[in-house]
Every structure is written in structure tokens, then in C-alpha cells.
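Beneath this line is the structure, given in C-alpha cells, with notes to follow.
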Amino acid sequence: MNLKKTENALSLTLKNFIKSESFGGIFLFLNAVLAMVVANSFLKESYFALWHTPFGFQIGDFFIGFSLHNWIDDVLMALFFLMIGLEIKRELLFGELSSFKKASFPVIAALGGMIAPGLIYFFLNADTPSQHGFGIPMATDIAFALGVIMLLGKRVPTALKVFLITLAVADDLGAIIVIALFYTTNLKFAWLLGALGVVLLLALLNRLNMRSLVPYLLLGVLLWFCVHQSGIHATIAAVVLAFMIPVKIPKDSKNVELLELGKRYAETSSGALLTKEQQEILHSIEEKASALQSPLERLEHFLAPISGYFIMPLFAFANAGVSVDSSINLEVDKVLFGVILGLCLGKPLGIFLITFISEKLKITARPKGISWWHILGAGLLAGIGFTMSMFISNLAFTSEHKDAMEVAKIAILLGSLISGIIGALYLFALDKRAALKK
């Protein structure tokens, strides 16, 4: 009965999100595998040289642009973080994070799932040049995790899918805070003041309920530039922009014109092809329906396929390729063990222990329809760090620590793969056990 209520409570938006993210996870995996194959083939020199190719335009001796790798990591990933920011805002206002009662359990779970892996890594790498990589195993890749959980189908309770999504959103918010606090260097306050001025303009547009996305996006580009120049990673600008996008729907949302257009279409004669009148009516319905959506919904709807099917796969292909040969020093400090143990052990233990303790102390309440065994399974899948972990590894290790970065990437791939396989087998076995009891 509770399971049925949970199923009904799952909104259409959330269902669409699950479907798109699950396919995106599979597509991400294929691109990661392709990157590893190419990076260890006769094409490896071309593969690595490609990402250092400068792209931009030149005026005399002045060049405006970046290497292809920086375009992906700094510009395209800003669009990904913009979408993440929109998802977080939506969940904070209307979703599973909209009240303390709803949010407390997954938020505390996310907190435990970040602290435990970070501590494991830091403990193993304390007082070494690699200790700055503690943020790497703290992340969860929602696309991969949902890809695995959706492959299990009905063997996984819907309530667990909702919990994993909410946990991952809270985890993303935590990752953004970690990036802002610990992976920011050489702050330039003049540019920060410029960024603050742009944020105030965005807040004014939001206050005026400006529904056109164009001014927000134009100011967003300016904000990205100011933040990029300030020393803070530019993806933070995208998250700030997301929180400034209006979420209110227009007051005339119960638009009678839309109903009238529907009636007009129903009254037209049907044939093998649409008539000109029917095409015009459908076009008007499309325009009216779009106008009823909030700017946040429109932008999120636009970014979701671009992020899932282009940006993230491209990021995976550009960053997952590591040439595994004798030149790699797998004994760089304890990076390999720190990342793998953080993802495979720290994530599930952190999530399980902190939620178990918080419920016993009556701070939170476990969602109906899922057992503690399910929570442990979700913790295992949360150990799939992949793209977010890769992103943080690029921030944690500069070109001076190339060995550590390469080892971290291998560890992320291994740790994510182990977590995914163990998590899937565990939830499959859990379902079989429940079926036998029946």
C-alpha cells in the first residue's frame, strides 16, 4: 500500500528525469570505455594532442580562446552545472528537499556519504602532496547510479529510486560547496566585485519576474567571465545563475485560450494529413503551452538532452582516457587506495551509519517502502563517482602532479566499476531473497 502511494507521489518530471539519466549513464559508460581503448591504442598520441588544440579567434597578436580540454571542462561543464543548479532549486522549492521532514534523511545521507570517503582518503594521504585530492571520492555520478538502478527494473522499489535521486542532488550541492571552498586559489577581489554586481542585476531581473531567458543568459556569460577571472572555478557561476532563474508560472496559467484551441482542433475534420488550419492550431497550442512553463522549466527542458547526450559523454571521452603503461607510478602516495576505498567502502558505510544513527536519535525518519538493506544498496551505488570525481580530480591535481591525476582517474574508474557491480548484484540478491520469503 505504501509502495503504491510512493509510486503515485513520484511526479511526471521525476519519471522523465529517471529515464533520461538512466540512458545517459549507459551512454557515459560507453564513452569512458571508448576513451580507455583509444588512449591505449596506436591513436593515443593523436588522442592526447587533440585536447591541447587551441580553439578561439585571433586579432593580431591577441588570442581569445582556450584549449579544447578547457572548453569542455570550463565552458561546457558550466552548462552541466547550470542544469544541476536548476534541479537543486526545483527540489528545494517543490521536490524532495522542499521541507525539513522530506529533506533531512537524504541530506544527512549525502553528508555521511561525503564525510566518510573524504576522511578515508585524507587519512591515507595525510602530509603528502596528494592530500588535496580528498574531494575526489566524495562525489556521486547520478547518471551512472541511475543507469544501474534502472537496469534492475522492478526489482528496486520506486521509493529507493526517489531516495537515490534526492541523495545525489544533495550530494551535487555538497560537491559544489567543496569546489568553492577547497579548490579555489589566488582570489582576485576586483573580479569578485564585478561578479557580485552581475549577481545583483540578475536578482533584480528575478525580482521583476522577467520571463525571457535571453537577459539572464547574457548576464550569465558575463558572470562566468568574472568568476573565471577571479580564481574561483567558473562552474560556480552557473550554479548562481541557476538560482536566479524565475520559477513562478504566469498568473493566467489556467489559460482558457488553450482549452478553446483544443476544442477547435477536435472540431476539425480528420484525414491522412494535417490541414493548414490544424497545423496553425497545433502551432498555437505549442506556443501557449510553452508560455505556461516557468523560465526554470523551459531552460531545464532545453539543457537536459544537451547535457545528457553531448556534454557529459564528451567530458567522459576527454577525461577518462588514461594510457596504462609502465610509466604510470601506481604507488604515488596512497591515491589509488584512497580513492577506491573511499568510493567502495566510505560511501556505503557513511550513508548507512549516519542515517541509522540519525533515525535512532529521532532526528530523521526513513522513507516508507525501503528497508535498511535497501539503504545499504543505495550507498553502494552512490560509490559510482565517475564524472563528478573526474571533474574534481582535474581541480585537485595540476600538471605538476600529473602522476597523481592519472592514478586518480584509474582509481575512479576501478572504484566506480566495483561499486556499480557490487551494488547491482547486492540489490538483485536482495530482491531474490524477498521473493523467496513470499
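Backbone N, Cα and C atoms are what each Cβ position is placed from, and that goes for glycine too.
Annotated features in Swiss-Prot:
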type	residues	note
TRANSMEM	23-43	transmembrane segment
TRANSMEM	62-82	transmembrane segment
TRANSMEM	104-124	transmembrane segment
TRANSMEM	133-153	transmembrane segment
TRANSMEM	162-182	transmembrane segment
TRANSMEM	185-205	transmembrane segment
TRANSMEM	221-241	transmembrane segment
TRANSMEM	302-322	transmembrane segment
TRANSMEM	337-357	transmembrane segment
TRANSMEM	372-392	transmembrane segment
TRANSMEM	410-430	transmembrane segment
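Non-local neighbours of the transmembrane segment (372-392) in the same chain are 28, 32, 73, 77, 109, 113, 133, 135-141, 143-145, 148-149, 157, 160, 163-164, 167-168, 171-172, 175, 178-179, 183, 312, 315-316, 319-320, 339, 343-344, 346-352, 355-356, 366, 409, 412-413, 415-416, 418-420, 422-424, 426-427, 430; each lies 6+ residues outside the stretch with a CB under 8 Å from one of its CB atoms. Of the candidate ranges 23-43, 104-124, 185-205, 221-241, 337-357, 221-241 has the most C-beta pairs within less than 8 angstroms of the transmembrane segment (62-82). Three or more CB pairs closer than 8 A are found between the transmembrane segment (133-153) and the transmembrane segment (410-430), so contact between the two stretches is assigned (pairs 6 or more residues apart). Between the transmembrane segment (162-182) and the stretches 23-43, 104-124, 221-241, 337-357, the greatest number of Cβ pairs separated by less than 8 Å involves 104-124.
Per-stretch counts of Cβ pairs under 8 Å to the transmembrane segment (104-124) identify 337-357 as the leading one among 23-43, 337-357, 410-430. A Cβ distance under 8 Å defines the sequence-distant neighbours of the transmembrane segment (410-430), meaning residues of its chain 6+ beyond its ends; these are 32, 36, 136-137, 141, 144-145, 148-149, 151-152, 155-156, 320, 322, 324, 328, 330, 335-340, 342-344, 347, 373-374, 376-377, 380-386, 389-390, 393. Sequence-remote contacts of a segment are chain residues at least 6 beyond its ends whose Cβ falls under 8 Å from one of its Cβ atoms, and for the transmembrane segment (337-357) they are 105, 108-122, 124-125, 130, 133-134, 136-138, 140, 167, 364, 366, 372, 375-376, 378-380, 382-385, 389, 408, 411-412, 414-416, 418-419, 422.
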